[in-house]
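Participant: Here's a structure for you.
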Amino acid sequence: MKVTIVGAGNVGATCADVIAFKRIASEIVILDIKEGLAEGKALDISQTATTLGFNTKVLGTTNDYSRTADSDVVVVTSGIPRKPGMTREELIGINAGIVKTVCKNILQHSPNTTIVVVSNPMDTMTYLAHKTLGLPKNKIIGMGGALDSSRFKTYLSIALRKPASDIHGMVIGGHGDSTMIPLIRLATYNGMQVSEFLSKDELKKIASDTMVGGATLTKLLGTSAWYAPGASVGYLVDSILNNQKKIIPCSVLLEGEYGQDDICIGVPTVIGKDGVEDILDIQLNSEEQKLFEKSAQAVRNMNNALDSVLK
Ligand SMILES: NC(=O)c1ccc[n+]([C@@H]2O[C@H](COP(=O)([O-])OP(=O)(O)OC[C@H]3O[C@@H](n4cnc5c(N)ncnc54)[C@H](O)[C@@H]3O)[C@@H](O)[C@H]2O)c1
Ligand SMILES: O=C(O)C[C@H](O)C(=O)O
């Protein structure tokens, strides 16, 4: 199984590292526009094979898309990350052009691939990929909800003082500081509702820490995060390539689900060999539904900013 990762920066290189180390694919191609960067990252990762124990072939290329031919999955991480104080939405001006060009190049060499969009603002970039490529809707997946949910579960585990592996929870909605919706009502610790153990105030703080999880890291690091994003991409790609049918909140094109149409936004999906194999249109309570509608409106407004790129 072959995976291409476009963008050899912090997130792209970490994705490659996770996918190789966990033996998720047999071949990884990393592509970047910056001369020598992808080759260097690929060589460095290859040199961990004997000590970490994997046989995945890792190759880097400077913008030669012929090397990406016949990829089963392509992960798009190319573009700029935000700096402290910025929102993800502010990246649209530069990243929309990059994502559009990259997606077109990819499809020329891998017409049957599944595309995982990571570049921000991710929901808008996922929508752009749909509009640019016209692929079947199961073939384009925006990664954000897997990461937001992992942050949600981490904050819950810290408050509960229990292992994160015993906690289940999900974040839906847009992948933005004010559009994420951590579904507290459905979060559980070993099958028991977390509200049994945590106060309303504690849960409120966990939800707001989750929503600004990316901004918190950006402030600490001076650029946005990469370890948890890279691991979340690995988790998603594993479910595709190994047909695991995991339920993962992903940004997908809605056609009536959750009362929304012609928008990419995070909802629970089943991810397997065909990409998005199902969209789970679960019943939200009235408060969650209101939040979802507000989130969708904000995401929709950003899509309008794509008008000039889509011409
Ligand atoms: N969806 C998510 O959950 C999530 C998580 C983390 C980061 N991100 C986003 O991912 C993107 C990458 O973040 P990063 O930290 O890796 O940034 P980075 O600056 O470390 O890496 C980006 C790379 O993209 C490359 N690039 C730029 N234009 C290109 C092109 N046309 N073709 C090929 N490569 C190109 C750059 O040379 C650079 O190496 C950002 O937009 C960031 O906001 C999204
Ligand atoms: O916060 C960012 O800008 C990067 C990414 O979307 C994240 O959530 O880590």
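The backbone N, Cα and C atoms fix where each Cβ goes, and this holds for glycine too.
TrEMBL entries are annotated by machine, without manual review.
Okay, so TrEMBL annotates it like this:
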type	residues	note
ACT_SITE	HIS175	active site, proton acceptor
BINDING	GLY7, ALA8, GLY9, ASN10, VAL11, GLY12, ASP32, ASN95, VAL118, SER119, ASN120	NAD(+) binding site
BINDING	ARG82, ARG88, ASN120, ARG151	substrate binding site
DOMAIN	1-142	domain 'Lactate/malate dehydrogenase N-terminal'
DOMAIN	147-301	domain 'Lactate/malate dehydrogenase C-terminal'
Participant: In three-state terms from DSSP, label HIS175 (active site, proton acceptor) for me.
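Facilitator: Reduced to three states, the DSSP call for HIS175 (active site, proton acceptor) is coil.
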Participant: Taking the Cβ of ARG151 (substrate binding site) as the reference point, list residues of the same chain whose Cβ is under 8 angstroms away and which are at least six residues distant in sequence.
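Facilitator: Residues satisfying the criterion: VAL171, ASP209, THR210, GLY213, ALA228.
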Participant: When the Cβ positions of the binding-site residues ARG88, VAL118, ARG151 are compared with the atoms of ligand 2, which fall under 6 Å?
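Facilitator: Result: ARG88.
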Participant: Which chain-mates of ARG88 (substrate binding site) that are at least 6 residues away have a CB under 8 A from its CB, listed by sequence?
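Facilitator: Sequence-distant Cβ neighbours: ARG82, ASN120, PRO121, MET122, HIS175, GLY176, ASP177, GLY214.
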Participant: Could you tell me which of these recorded positions, ARG82, HIS175, has the greatest number of Cβ atoms within 10 Å of its own Cβ?
Facilitator: HIS175
Participant: Do any of the binding-site residues GLY7, GLY9, VAL11, ASP32, ASN120, ARG151 touch ligand 1, in the sense that the CB is under 6 Å from one of its atoms?
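Facilitator: If the test is a Cβ under 6 Å from any atom of ligand 1, the answer is GLY7, GLY9, VAL11, ASP32, ASN120.
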Participant: For NAD(+), with binders GLY7, ALA8, GLY9, ASN10, VAL11, GLY12, ASP32, ASN95, VAL118, SER119, ASN120, what's the maximum Cα separation in whole Å?
Facilitator: 17
Participant: Measure between the Cα atoms of every pair in ARG82, ARG88, ASN120, ARG151, the residues the record assigns to substrate, and report the largest value in Å, rounded to a whole number.
Facilitator: 18
Participant: Find, among the binding-site residues listed as VAL11, VAL118, the one whose Cβ has the highest number of other Cβ atoms within 10 Å in the structure shown.
Facilitator: VAL118
Participant: Counting by DSSP, what is the helix, strand and coil composition of the domain 'Lactate/malate dehydrogenase N-terminal' (1-142)?
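Facilitator: Summed over the domain 'Lactate/malate dehydrogenase N-terminal' (1-142), the classes give 67 helix, 28 strand, 47 coil.
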Participant: Give me the long-range Cβ neighbours of ASP32 (NAD(+) binding site): same chain, 6+ apart, Cβ under 8 Å, in sequence order.
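Facilitator: Result: VAL6, GLY7, ALA8, GLY9, GLY12, ALA38, LYS41, GLY60, THR62, ASN63, SER78.
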